[in-house]
Structures are given as structure tokens and as C-alpha cells.
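Below is one structure, written out as C-alpha cells, with a few remarks after it.
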């Protein structure tokens, strides 16, 4: 009888341990999607934000940003322009001047309600929209880059349209130089500031953006004016090169010598190449030799200086375009979600790594916070 009891006890212990080992484990972190509210109205050179992957999230963030923008514009920049902003904020819900914290909470609750916004379902819906060239059941780097680029371009054009509705004083669909008001940071800059010395938002910048030379900017030209790095207008790209010479030309001789190139422009080129090719950052001693090689390659007339025209081959590295950031984000996503390392993503891999695609807006809360939220 005693031996039977021992066997029964051991058997029960083994069963208990087996059940315990197969029991679902509570995650150590809880990932919550959070809306971003970091659009900077005052920084002339803001850090480039991650591109929203999901158009639904983009629309929600856009509505909230529109309301913040309307409030900021009317209150701080043009208090007499309340009527002019009406068409610029038609997508903003209601007539309130800015989003209150309750709006963010309600929107975030929506994004984190699996019945209303299910990340897995969203990926299943978006997959065939990304897998288009060709339609083969996989998302490649090029396809994901193009998807990211389209989302970014839509967002940029929306902000451009919002600005155009404000500056187009006579509502004719065009902006003249006299109609355009420069950003407050540029208008208020003093003579010693960098922005004052450079030509941003001035007439030369405007004229370079005026592709057809009619003295007016349509929506495409105005978009180029605000975002010259993404423009295909050769005059605007040449203007960007002139601005680089103005900024880097410390001795004011109208050209860039090697020292000015090495301690300014080459750093940008090197950082661009390192991020594009995921290489390590070399020491300063090891960069002077390649800097001299690049300088000599750019110096077409061999006069020991770089003119604005000679900077044209590297201008895209000095001012990265939206395509650069779209590819950078696509590379990161694939590196994180590509389980079999074949360089492309299947739907299964995307579904298994959902938060990689929403990495721009999720936060990881500690287990203690998870426990608190779970039992509220």
C-alpha cells in the first residue's frame, strides 16, 4: 500500500510539472500602441520621424496634428488669420482649436482594442497592397520601400497643402513671393544667425522652385519649395548646392576648400554611406585619406576648391530624400522580421512580428504596469 502511494504521488507530481511547463506564460512586457504628438512647429531642421506603416494610424495622427497646427498657427503666428485656416483643416474633426488629452486617450484605446483594431488583421489586409511587383506571395525590400515612400509622400503633400491654404491669400491656387510669409524662426532671426545668412525662404529660393518661371508656385512647386531634397527640379538642386557652399565657406571666398569639406560635408557623406551600407564608424585619422579621394573626384577643374556645381553629385547625401528614409525603414523591418533570412517577407513572417511594423508608435511597459492594467 505504501509503495502504491509513492508511485501515485510521483505520477501526480510529474503530471503537474508537465502541465506547468505547457501552461501559457504571461509576457514580461506589454506592448501598447501610442499616438505620436511630436510635430515640432518651431524647429527649422527637425529630426526625421519614422514613416507610419499603417494608413489608419496615419489618418488618426493627422487629424490630431491638424488641430494642434490650427491652434498653434492662429495663436502664435497669425492671430488674425482664423478665417484663412478653415480650408486648411477640413480633415480635423469638429471645431475645437486643439486636441485635448482625452482625444489621444480615446484614439489610443481604439488602437489597442483588438476587436476594433487588430494588428494581425491589419497586416493581412495590407499585405496584398504591398506585394505588387510582382505579386508572388512575398514582400521584398523594394516593395516595402515603395510602400513606405507612398505613405511619406502623402503625409508631406498634406502638410504642404495645409501651408498653401494659409499662404494663398487671394485663393487662386498659386502662391506669389509677396504672399509667402517665412516661418517665424526665419522672420525673427537676426543678422548674426545662420538662417539669416542662408537663402532659405528668400527670393532666390522661391525663384529656383518656380519651375515654369511664371512667378507663381503651384502645389507641386510649393511642395518642392518646402522640401527641396525630394525635388527633381535641377534649378532647385543647384540652389541647394549654393546653400551648402554658403554654409560651409568659413573664409567667405565663395568656394569650399579641403578643410571646410573635411570638417563638415564629408561627415554627412560618410554618415549617409555608413547608414546605407550598415558599416562601422571609422576614426578621424582613417577618414582623411578617403576624404581626399572624394574631394579630388569632385574637383573637376583641379583648382583645389569645390564650387556649388561640383557639389551636385553628392547633394542627395547632404540632403537625404524621403526615398532614403523609406529604404532605411524597410531594411530595418526586414532585418527584424525575416525569420528564414531569404531577404523577403512572407505573410506568416509579418504576422509573427507585428510590432516591428508598428515600431514607430508602440511602447513597452514594464511587467508591473502590465499587471496593473490587466486587473484594473
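Easy rule for this one: first residue shown is 1, then count along the chain.
Using the three backbone atoms N, Cα and C, a Cβ is placed for every residue, glycine included.
Note that the structure is predicted; figures quoted are calculated from it, not measured.
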Message: Suppose you had to name the range TrEMBL annotates as region 'Disordered'; which of 53-76, 77-100, 101-124 would you pick?
response: 77-100
Field: Recorded stretch that, among 249-271, 286-321, 325-360, has the most CB pairs under 8 Å to the domain 'EF-hand' (203-232)
entry: 286-321
Message: Looking only at the domain 'EF-hand' (249-271), how are its residues distributed among DSSP helix, strand and coil?
response: 14 helix, 1 strand, 8 coil
Message: Using Cβ atoms and a strict cutoff of less than 8 Å, what residues sit near the domain 'EF-hand' (249-271) while being 6 or more residues removed from its termini?
response: 281-282, 287-288, 291-292, 294-295, 304-307, 311, 314, 317-318
Field: Secondary structure tally of the domain 'EF-hand' (203-232) (DSSP, helix then strand then coil)
entry: 18 helix, 2 strand, 10 coil
Task: Go through the chain and flag residues at least 6 beyond the ends of the domain 'EF-hand' (286-321) whose CB is under 8 A from any CB in it; none is fine as an answer.
output: 48, 228-230, 237-238, 240-242, 244-245, 253, 255-258, 261-262, 265-266, 268-270, 272-273
Statement: DSSP puts the residues of the domain 'EF-hand' (325-360) at 23 helix, 1 strand, 12 coil
